[in-house]
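Annotated in TrEMBL:
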- A:9, A:10, A:11, A:12, A:13, A:14, A:15, A:16: NADP(+) binding site (BINDING)
- A:105: NADPH binding site (BINDING)
- A:190: L-homoserine binding site (BINDING)
- A:205: active site, proton donor (ACT_SITE)
- A:355-433: domain 'ACT' (DOMAIN)
């Protein structure tokens with residue numbers, strides 16, 4: 001049988017990885033897919049730069065239309081990134097009846113509903129394993145491996161840059177700004193790291209994962225997003241003493257009243273496997289009713305790890321595009337006419353536990369006031385740590401660290417406002433959410 | 001569309017779990033599969049016992065033929081276990097054109113080649129996610145998620161009973177026999193635990209995994225199998241001091257000369273995630289050329305975790321049985337006409353590093369002799385620990401612990417024979433294989 005023909009849009013980091021993996025493992029891939037998979041042509045802005053990757057044997061075009069409108073091409077891979085051009089090209093490819101493989105989480109998080117609807121209309125597949133957690137086949141696990149289950153929650157380290165930064169902050173006791181510079185120097189953070197460090201990239205991914213887990217539309221715009229830029233080394237150290245590690249987690253959880261969808265720094269018990277995922281590695285923890293807790297760990301970014309997911313999608317399309325489109329694996333795991341309208345909960349209605357650090361005047365009655373406010377708001381205390389007075393400062397102040405049990409965030413906001421107003425609370429209260437993940 | 005009809009052979013632990021999960025999550029499963037999935041009838045030896053699980057609404061039969069020959073039934077689930085009856089029924093179901101889902105690793109490890117050939121002939125699917133690592137979708141990850149890769153090696157904790165026993169031995173400093181009794185009392189080990197503790201169950205599973213990873217036939221009969229019954233608490237403790245944990249691993253690795261396929265107690269660096277998988281949990285570590293190292297963790301046994309995999313297979317069949325059978329996901333990940341004849345290496349040709357414990361006379365020159373033998377065989381030493389003399393015994397003897405670098409096992413056998421023959425070596429040498437897994 002004639003090899004399946006692929007058009008590649010974009011030949012940057014992931015595009016090059018895809019090209020190289022397909023070429024290096026072509027024989028192994030053919031043995032698995034039952035057909036060869038060939039790059040028919042590559043769209044690049046610079047022919048010269050593309051030639052450096054693909055050599056002289058592959059057609060390089062500077063007009064993406066030559067790929068999208070080419071009847072010889074079966075599958076289009078979109079690796080351009082961003083929202084604008086990528087969206088236009090993906091929609092055109094679908095309209096032309098091509099199957100699409102993309103690694104573009106931003107695109108799917110924002111325009112997923114429209115793209116999947118168009119694909120359904122044309123009976124083509126849109127595959128996007130590479131969009132979440134790079135080389136870890138987490139989309140496949142959720143969409144196909146755990147279909148028996150009512151999924152309860154998912155918590156993932158799904159941004160390698162921030163996990164690298166947090167790992168370094170802990171290992172070296174350094175503050176955020178210092179480590180960010182190091183990460184940029186080492187290539188773990190981009191020159192403009194905003195999307196990573198502010199949690200936006202993780203929010204794109206968790207919005208996709210949430211849809212697949214709970215059978216709802218992708219709703220990035222409703223996610224609560226908080227990055228790691230304000231974190232201090234002191235809190236990482238205090239948490240460590242209490243048996244917790246700090247991770248930037250993407251979390252989505254089913255509640256009776258709706259779905260939680262949030263990205264924020266989170267304290268996790270040090271003994272959990274996910275707390276021990278270090279450096280730029282990713283891991284996704286899934287809790288579901290039949291299987292219990294399972295974890296998926298691996299490289300979440302990089303040229304070949306991401307290419308691994310892109311090429312796996314190519315093989316999937318090659319193997320499965322002949323299946324009845326009405327029953328074939330749905331893009332978002334659930335049949336499009338079975339999506340639920342379960343609301344995404346605002347952050348004030350999220351239920352979680354908290355780490356609080358209060359800098360207080362070291363005088364009688366302060367602790368009674370603080371614990372009194374928490375009690376009044378019905379928030380119970382799990383652990384309390386009072387630091388010895390800070391002698392260097394020559395002032396009478398100290399750090400009080402409080403770990404609470406679970407509470408509704410709105411209630412914690414009220415408690416924090418009351419505590420912050422106390423004259424004996426001398427600095428802005430630090431608040432970090434905490435999850436037991438068991 | 002009319003629900004897909006399933007015949008269930010066996011209503012024991014996993015059968016009950018399957019029935020309960022399908023019923024409890026039927027709505028969620030229908031939303032994913034695009035069709036209902038219904039248990040049409042159940043084969044059981046005791047109607048009364050089956051009724052206790054399935055109630056009065058489902059047909060229960062005591063003749064499996066009523067299921068296999070029923071034209072209304074689309075998929076047969078085999079959960080009887082064992083080789084004989086299970087094989088006959090699976091072959092008959094295939095002959096009758098039914099798709100088959102099974103959790104029976106023993107059956108596939110021994111008769112897989114024949115079963116898959118028959119299924120291919122009839123164009124039906126045989127799905128077996130539940131056969132390896134219970135609820136962890138590791139078959140799917142290897143067969144579909146990592147298809148871009150040349151897989152290099154796989155190392156898995158794929159037997160919960162032995163991992164529970166080893167975890168307890170370490171935590172409590174107890175020897176094997178004591179912990180086995182406790183495991184039996186708690187239900188983590190069966191009354192006849194031979195298949196688990198001797199490594200046979202893990203070998204069934206790793207033989208299946210090896211075939212899927214490397215595109216070779218399932219070759220359980222060529223696996224090297226060593227259980228945990230002879231392990232002593234002392235070695236767990238010594239290894240711990242050197243930064244290693246003891247796990248029963250199923251390992252399969254590609255070498256230039258062939259494929260390693262082995263199950264044995266293995267020391268793993270304590271800092272690896274897989275070293276921290278405790279109790280009855282399973283985890284599989286995969287190393288592949290594009291994606292690097294990835295890990296899959298979860299419950300490897302039990303009623304509903306295993307049912308999670310069985311039902312996922314039902315959904316897969318429901319979604320994908322209409323795909324062209326010649327390109328549909330192959331049973332063993334590789335197209336049947338593309339299987340390789342790469343030989344399975346005998347254990348003497350396996351390359352690994354070793355932990356050795358020698359009880360030696362505490363006199364001058366002993367260590368020189370031992371290290372001299374290792375040097376002579378070209379085996380280099382990574383770490384050496386000499387214990388202080390054991391005063392209680394009132395004798396002049398001591399433990400020497402040696403960690404080696406990698407070597408061919410046959411050469412280590414020669415070295416051990418030479419060391420064992422020394423008059424100053426006072427007891428049988430303890431040898432445990434060690435893997436860095438990085």
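From the backbone N, Cα and C atoms, a Cβ is placed for every residue, glycine too.
TrEMBL feature annotations superimposed on the structure.
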| residue | record | DSSP class |
| --- | --- | --- |
| A:9 | NADP(+) binding site | strand |
| A:14 | NADP(+) binding site | helix |
| A:105 | NADPH binding site | helix |
| A:190 | L-homoserine binding site | coil |
| A:205 | active site, proton donor | helix |
Field: Cβ-Cβ neighbours of residue A:16 (NADP(+) binding site) (radius 10 Å)
entry: 21
Field: All-chain count of other Cβ atoms within 10 Å of the residue listed as 'NADPH binding site'
entry: 26
Query: Between residue A:12 (NADP(+) binding site) and residue A:190 (L-homoserine binding site), what C-alpha distance do you get in Å?
result: 15
Extra residues within 8 Å (Cβ to Cβ centroid of A:9, A:10, A:11, A:12, A:13, A:14, A:15, A:16), NADP(+): A:8, A:17, A:18, A:19, A:79, A:80
Query: How long is the line from the C-alpha of residue A:14 (NADP(+) binding site) to the C-alpha of residue A:105 (NADPH binding site), rounded to the nearest angstrom?
result: 14
Field: Reported mean pLDDT - the domain 'ACT' (A:355-433)
entry: 92
Field: Spatially closest candidate among A:10, A:11, A:13, A:15, A:105, the listed binding-site residues, to the residue listed as 'L-homoserine binding site' (Cα to Cα)
entry: A:13
Spatial neighbour of residue A:105 (NADPH binding site) that is closest, considering only the recorded positions A:9, A:11, A:16, A:205 and their CA atoms: A:205
Task: Return the residues near the residue listed as 'active site, proton donor', defined as same-chain residues 6+ apart in sequence whose C-beta is under 8 angstroms from its C-beta, sorted by sequence, else 'none'.
output: A:105, A:109, A:131, A:132, A:133, A:156, A:158, A:159, A:250
